[in-house]
Amino acid sequence: MAPDSSSIDDPLFDAGHHIFANKDLLKTGHVPEADRIVGRDEEISKLATRLNGAVHGYSPENVMVYGKTGTGKSLVSRHVCQRARNAAQDGVTIGTAYVDCAEDDTETQAVSSLAAKLNDEAETGISVPHTGLSTSKYYKLLWETLDAQYDSTIVVLDEVDLMDDDSVLMKLSRAEEAGKITGSIGIIAISNKIQYIDDLNERVKSSFQHKELFFKPYDANQLREIMYNRRDAFREGVLSEDVIPLSAAFAAQEHGDARKAIDILRHAGEVAFEEEADTVREHHVRQAQQHAEKDRFRELVSGAPTQAKAALLALTELSINASGDAFLTSQVYDQYERVCEFLDMDVLSVRRFRDILKEQAFLGVVEIEKINKGSAGGIHLQNRLIEDAQVVRETILEDARMGDWASE
Ligand SMILES: Nc1ncnc2c1ncn2[C@@H]1O[C@H](COP(=O)(O)OP(=O)(O)OP(=O)(O)O)[C@@H](O)[C@H]1O
């Protein structure tokens with residue numbers, strides 16, 4: 001409903017946000033317009049070349065897009081699909097659909113989701129039920145839908161490595177050749193895992209003939225530019241000068257992740273708002289960064305078994321109180337025994353304790369380094385926390401079973 005000019009100012013509701021003008025621009029799922037996409041001209045143009053056939057009514061090529069998280073893979077894929085639809089030549093109709101394979105991770109879910117997204121019931125007269133049909137029925141509906149509407153279809157399979165099998169990739173790639181549809185299909189498959197294609201079985205590999213496109217991490221300048229292009233998310237004059245460069249520097253440390261950069265910026269605004277500050281300043285960014293780190297750790301550490309938390313707490317205490325930041329396994333074990341005793345927990349054997357540290361190293365919480373103490377001393381392992389010890393400590397102590405340690 002449109003706002004009513006006779007609305008009454010009610011002090012119960014505030015008069016608007018004094019920090020953000022349009023916070024939606026900083027939402028994770030926000031797809032920015034073309035002029036806000038930074039530093040990806042080459043990738044956009046390469047992807048468009050692969051899909052060019054579709055615009056003229058021929059078969060587009062399949063593309064495998066690789067890159068680390070937050071490097072713009074989904075954004076660029078969606079953007080090029082939209083432009084291909086708009087650029088379709090006279091008489092050519094292009095359908096495009098995006099599937100998040102983290103959500104639709106089975107063959108049936110992915111095909112039913114594709115059929116539902118691509119079907120315009122008013123045009124085809126086909127109804128695609130959300131659930132209840134067999135996989136083959138959903139394929140049949142998908143082929144009917146495509147034939148009734150499109151000359152060419154571009155399907156984006158995001159996080160394709162999370163699908164529980166590769167059948168979708170194979171059946172979509174073969175649909176045209178197998179005579180299932182009269183038009184054509186191009187697939188953009190996206191993954192963070194560089195070995196994804198190597199791990200596919202040979203039949204899928206041979207059907208999914210593709211070109212590869214790599215997305216490099218952003219550097220600090222590009223991250224800065226991405227954020228400057230969205231600074232109208234904030235009210236004018238609210239952002240102090242160093243906020244964007246500092247957010248960019250933090251995100252650049254984390255493999256140039258644009259999502260991370262935008263998250264830090266949004267969070268800095270929220271921190272400033274909560275503090276009732278008039279402007280967003282450097283210390284808000286630092287707090288936001290700590291928050292982001294804590295979020296990542298909260299996921300990793302809070303889900304860890306109690307014994308792993310005790311082991312990490314031991315390493316954390318040494319990192320905070322002893323000199324240096326790397327400690328021999330025997331030193332950490334001594335401290336771990338003290339933690340267990342205080343918290344009334346069982347003490348595991350040194351061997352099990354080492355396995356726990358190795359597991360934490362695999363998860364990226366701890367770094368283990370071999371050191372050689374000469375011919376008599378032998379090889380020893382040194383353990384170091386990868387992230388800030390205070391952040392890890394706080395997270396562990398949030399667990400009620402570990403909380404008593406705070407009073408130690
Ligand atoms: N070049 C860019 N210009 C503007 N915004 C960008 C750019 N690249 C990424 N972003 C923004 O960063 C966020 C993450 O981008 P995107 O989802 O495309 O990354 P991704 O590589 O697909 O990551 P993931 O593998 O985690 O899905 C989005 O909010 C997107 O709008």
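We number each residue from 1, going along the chain as drawn.
For all residues, glycine too, the Cβ spot is worked out from N, Cα and C.
Annotation source TrEMBL lists ATP binding site at T71, G72, K73, S74, L75, Y218, R230. Per TrEMBL, the feature domain 'AAA+ ATPase' maps to 59-219. Residues annotated as domain 'Cdc6 C-terminal' in TrEMBL: 312-396.
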Open item on the list: Out of G72, L75, Y218, R230, which binding-site residues have CB atoms lying under 6 Å from ligand 1?
Closed with: G72, L75
Task: Sparsest Cβ surroundings (other CB atoms within 10 Å) among the binding-site residues T71, S74 - done: S74
TODO: Take every residue in the domain 'AAA+ ATPase' (59-219), average their pLDDT values, and give the whole-number result.
DONE: 92
Task: Three-state composition of the domain 'Cdc6 C-terminal' (312-396), taking helix and strand from DSSP - done: 51 helix, 17 strand, 17 coil
Task: Greatest inter-residue Cα distance in Å for the ATP-binding set T71, G72, K73, S74, L75, Y218, R230 - done: 19
